[in-house]
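According to TrEMBL, the protein carries these features:
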- 233-260: transmembrane segment (TRANSMEM)
- 237-355: domain 'ABC3 transporter permease C-terminal' (DOMAIN)
- 281-310: transmembrane segment (TRANSMEM)
- 330-352: transmembrane segment (TRANSMEM)
Amino acid sequence: MILSVYSGLEKYSIDIQNNITPDIIITSNTDKFFTLDSIQEQEIKGIKEILYHSKTLVEKAFFTYREKKSIAYLKGVDNNYTNINRLDTLLYKGRYFKYDRKEAIVGSVLSRKMDMSIDGNNYLNVYVPKKGKSVNVLENYFSSNIVNVSGVFLAERDFDSKYVILPIDIVRQILQLDEEYYSGVEFKLRDDQEIDIPSLKSRIHHIVGENFDIKTKREQNEFIYKIINMESFVSYFMLTLILIISMFGVIGSLSILIVEKKEHMRVLFNLGLELRDIKKIFIYEGLIILSVGFVFGTIICFIMCFLQDYYGLITLGKMSSVAYPVNWKWNNFIIVLFTVYIIGYITSYLTVNRMKMMSNTI
């Protein structure tokens, strides 16, 4: 059950990252904004592994909403963005913005922090540094713009606290940038074919040049994947610790069984059965006890996972409607099976061989 819960959380985290992280992203490693010429764009479009691409424009900005203030990132996206990052499916208030309007969607964390509402007066003030000015005084060195908040998305805490997302043309107006400039190009790759990622990155590098960083989904979320791997080790360690503690029950059962069966052992010994064979009987008895517990535990775990997966009996929080994720995986079943029997055999073997009563009885 421990590994099923962990696998569920792992799958939930990865699914969320898949919704907000492109398969590949291009950013400049020398400038904040960059441009690609028409030949480069056509060559990128000609790469057969790429299904969609979307240009984005990101800049830090200062926001005010009524009396609340905060610093976050403006992210301008084009109409291909929802084909790459399914952010339009993660809205829990309002609607996705329209590309011909000065509208934006904000993250749930930022929305709560600034007490935003999508009803009535929902205008968000955006302040960005004027081009060619140093930042000292708000009134003189910042340009001010107003956007309408059309919706609130709920994706991942860090993402929800950082981004205000709106049409890329509106962000260009706010930043006073020419149309050909952007800060990133995001890609959705085809799912219907095997893709050689290193080869694909090399081809893109050949097109855009060496002054660009090209990162895969895993490279963009390297820290998160490290945490997931660490949690995998910790969950297995916890499982092993629980199994070791539960083995005290097996030790107790075997010890009582040896005491109760001392007359039977004497009879078997007198009939010519050697002591090591008698010990094997009790070792197998210990494994039988483990097997019964393992079978019943597996059945209970499977039923609980089924009920949680289909009926969502437990949610992630009191105010959340999202069911606590669980994921039954057969490789987890195999891992638990081998761990149980390895620890169980060692426990049974040591218990039987350290019982002086067995030798004294015979």
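Placed from the backbone N, Cα and C atoms, the Cβ positions cover glycine too.
Long-range Cβ contacts of the transmembrane segment (233-260) within its own chain (Cβ-Cβ under 8 Å, at least 6 residues beyond either end) map to 2-3, 6, 282, 285-286, 289-290, 293, 335-336, 339-340, 343-344, 347-348, 351-352, 355, 357-358. Within the model, the domain 'ABC3 transporter permease C-terminal' (237-355) carries an average pLDDT of 80. Within its own chain, the transmembrane segment (330-352) has Cβ neighbours under 8 Å at 3-4, 7, 236, 239-240, 243-244, 247, 250-251, 254-255, 258, 279, 282-283, 285-287, 290, 294, 298, 358, counting only residues six or more beyond its boundaries. Note on the domain 'ABC3 transporter permease C-terminal' (237-355): DSSP counts are 94 helix, 2 strand, 23 coil.
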